[in-house]
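So the structure is just underneath, and the comments pick up after that.
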Ligand SMILES: C[S@@+](CC[C@H](N)C(=O)[O-])C[C@H]1O[C@@H](n2cnc3c(N)ncnc32)[C@H](O)[C@@H]1O
């Protein structure tokens, strides 16, 4: 059976996604929506997207709303994506961390954790695997966070990890785990993942971070959403701390609190 979506159904469901996650889907994303949601209609035995909208907005089906957001977010990521940012991180890291002086980094749209573990490799290399540093990874999607917490990936995903890091921080799967690798526990114990929607007015402060990575998520937001999300993050950024966005993103016209250091890298005075 093929599930067609009409304009009204698409507007309602994309409006729901926008209200929750702040993600704006253009009309061109109809195929994406039906491609991703049709399996839910099948699983629930529903015939139309109108029925699905009623189901998902019924307060007794809150779990379905979670499924819907998980399915409609784009989670593409990889290790050492946009490598210049990790070179920059190496430059700004302190030589060592004093006792009690923990270096904090936040991967604020963490997806399956590749970004957070890339940061962990850089920090472990520079500050020591037993150094005082912590990484927080957050994402709106529950399913990607389960993957991130496992820290277990297909070997093909290790392609961009430099050999010395691979040798030091990753365990190659054997027997029934052949073709996979696991992030070493020594790194995983510095990294914690939490579910968090960045699109909440006055979102709680998440800590005091030296560096926040907010990469490849602003592209899904309109200007008011970008402004809200960035204002939320700035509250958790230390004075002198850095906010890093993706290479196709910019904070021009989004905030005047931060100073541009380089394209895509901003500093809180
Ligand atoms: C394309 S991935 C980027 C992953 C990583 N930062 C990178 O650059 O490789 C975008 C992530 O943003 C998350 N996301 C989208 N809207 C969000 C929101 N409102 N709050 C938190 N995370 C969100 C998605 O679930 C997805 O995992």
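Keep in mind that glycine also has a Cβ here, set from the backbone N, Cα and C atoms.
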Handout entry: Same S-adenosyl-L-methionine site per TrEMBL - residue from 9, 115 joining 75, 77, 81, 139, 197, 198, 215, 216
Key = 115
Exercise for the section: Please list residues from the chain of residue 216 (S-adenosyl-L-methionine binding site) whose Cβ is under 8 angstroms from its Cβ, counting only those at least six apart in sequence. Expected result: 76, 77, 81, 109, 246, 248, 249
Completion exercise
Taking every residue in the domain 'CheR-type methyltransferase' (1-269), the average pLDDT works out to 96
